[in-house]
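Engineer: The structure follows.
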Amino acid sequence: MRLCDIISGYKYSNINHKICKQQHPKKNSSSKMATFDKNLLLNYVPVYVMLPLGVVSVDNVLEDPEGIKEKLVKLRAAGVDGVMVDVWWGIIEKNGPKQYDWSAYRSLFQLVQESGLKLQAIMSFHQCGGNVGDVVTIPIPQWVLDIGQSDPDIFYTNRSGTRDNEYLTNGVDNKPIFHGRTAIEVYSDYMKSFRENMSDFLKSEVIIDIEVGLGPAGELRYPSYPQNQGWVFPGIGEFQCYDKYLKEDFKSAAASAGHSEWELPDDAGTYNDVPESTEFFKTNGTYLTEKGKFFLTWYSNRLLNHGDQILDEANKAFLGCKVKLAIKVSGIHWWYRAPNHAAELTAGYYNLDDRDGYCPIAKTVSRHHGIMNFTCLEMRDTEQSSDAQSSPQKLVQQVLSGGWRENIEVAGENALSRYDATAYNQILLNARPQGVNKDGPPKHRMYGVTYLRLSEDLLQQSNFDIFKKFVLKMHADQDYCEDPQEYNHGIPPLERSEPNIPVDVLLEATRPIVPFPWDSETDLKVDG
């Protein structure tokens, strides 16, 4: 398969030393003009801020538009490039199949445009509520939940039979049980309606990024560690494939492989176990047997195919628009140092010391000309409890390196709200792992970073002061620049996805690679 080279950060063009107009919200008739060092500008990493979860209420009302506008203006004045927002399926299509109401979001997008900010829109097909940081509850559409009353197997299910109704199981991706539509068709129709109803914001290039939700919390994963079912850190989580649709698929796959006697795991423990207490994950456990490897391959491939199908629909929906498609991959850093990588495996990332679970995802994203967005950028290994065998730094290094080797752009965000210099400096390090290049583009550069999230705490004066320094350092000490082409982030019209990737090519991508080197600390500290 031909991999699409979309790393614009690597393409150094001979741009003249230009002047960019400073894009502050208009408070008076004069506009500040800023000059840039053309080489340092090629190290610029744009910063976005995630808007509050409930900025549009469950009743489809834009809450406090004047207050939101004031905050957006404040972000723009701080040099922030744009904002990210969840566009909730449970709000837009709540009244019935194909009954979409985009009015509140149109009002929000208008405020964003008036504030001089760019917009990253998340197609949020999951429930809000039940995950870390969820402060409001926005369920998936009631008409879908009603189908779940008569057919509860439309939801991911653990071995004990507990359903998770925050996202539809990938077992129903191609089942026409949603008033005649498959789940994939439901997602596709939603995205097509978004394009139709937001065409003016797409044409004016206010919307620059469509992040496609692919699972709980919008992430490409199984809901293996749900807080609302009692999971607490650093529990290994549970496999979520015991609904009838995935059970049937597994039995069919096992029979095709000549092992009709194989069943789904019954020895992998429960949410808050440690790996060594289970037969599946213990030293020399089931995960290393032929049966265990077959299951983990099937489980992770189901997830990968789910993401691939929906990304293909997203590509068709936004074909020709000047936007980037993106997906989010969860930063499951606990038990990363353990040989079994138990928490990653239950989430669907078949990642071991001798098997890369993230490069196949990156390769799939490359087929759709997309971006891989990763979490936990702010975390340091020394901040983690030793009994969790956690390593967020090594995990970030592995995932970002894999994305870059597959020639895709990688972006990222923090997992938890932090306002301290240590966290900001770690994000800066990950954004440019080998530092700033004063003579042109850096060796590696993240495509963008989204800060979670806009809140009164962030805007508290001392917190906001250090945040503004963080934005400046992300911009390589350059002023805000309104023209992304100046730092090689011009977005061409979206092209059609490349052909399907052969299985042997995906398997080749599981071979471990040595990550790129990381400096020990950033060369542009917020407190330096």
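Every residue gets a Cβ built from N, Cα and C, even glycine.
Sharing the features that TrEMBL gives for it:
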- ASP86, HIS126, ASP134, LYS328, HIS333, THR375, ASN414, ALA415, ARG453: substrate binding site (BINDING)
- GLU219: active site, proton donor (ACT_SITE)
- GLU413: active site, proton acceptor (ACT_SITE)
Engineer: Using all protein chains in view, find how many other C-beta atoms are within 10 Å of the C-beta of GLU413 (active site, proton acceptor).
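Structural biologist: For GLU413 (active site, proton acceptor), the 10 Å Cβ neighbour count is 22.
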Engineer: What's the CA-CA gap between ARG453 (substrate binding site) and the residue listed as 'active site, proton acceptor' in angstrom, rounded?
Structural biologist: 10
Engineer: Using a Cβ-Cβ cut-off under 8 angstroms and a sequence gap of six or more, which residues of the chain neighbour the residue listed as 'active site, proton donor'?
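Structural biologist: When sequence neighbours closer than 6 are ignored, the residue listed as 'active site, proton donor' has LYS328, VAL329, SER330, THR375 within Cβ distance under 8 Å.
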Engineer: What is the Cβ neighbour count of HIS333 (substrate binding site) at a 10 Å cut-off, with all protein chains included?
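Structural biologist: Neighbour count, Cβ to Cβ under the 10 Å cut-off: 25.
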Engineer: Rank the binding-site residues ASN414, ARG453 by the number of other Cβ atoms within 10 Å of each Cβ, and give the residue at the low end.
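Structural biologist: The binding-site residues ASN414, ARG453 were compared, and ARG453 has the fewest Cβ atoms within 10 Å.
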Engineer: To the nearest whole angstrom, what is the C-alpha distance linking ASP86 (substrate binding site) and the residue listed as 'active site, proton acceptor'?
Structural biologist: 15
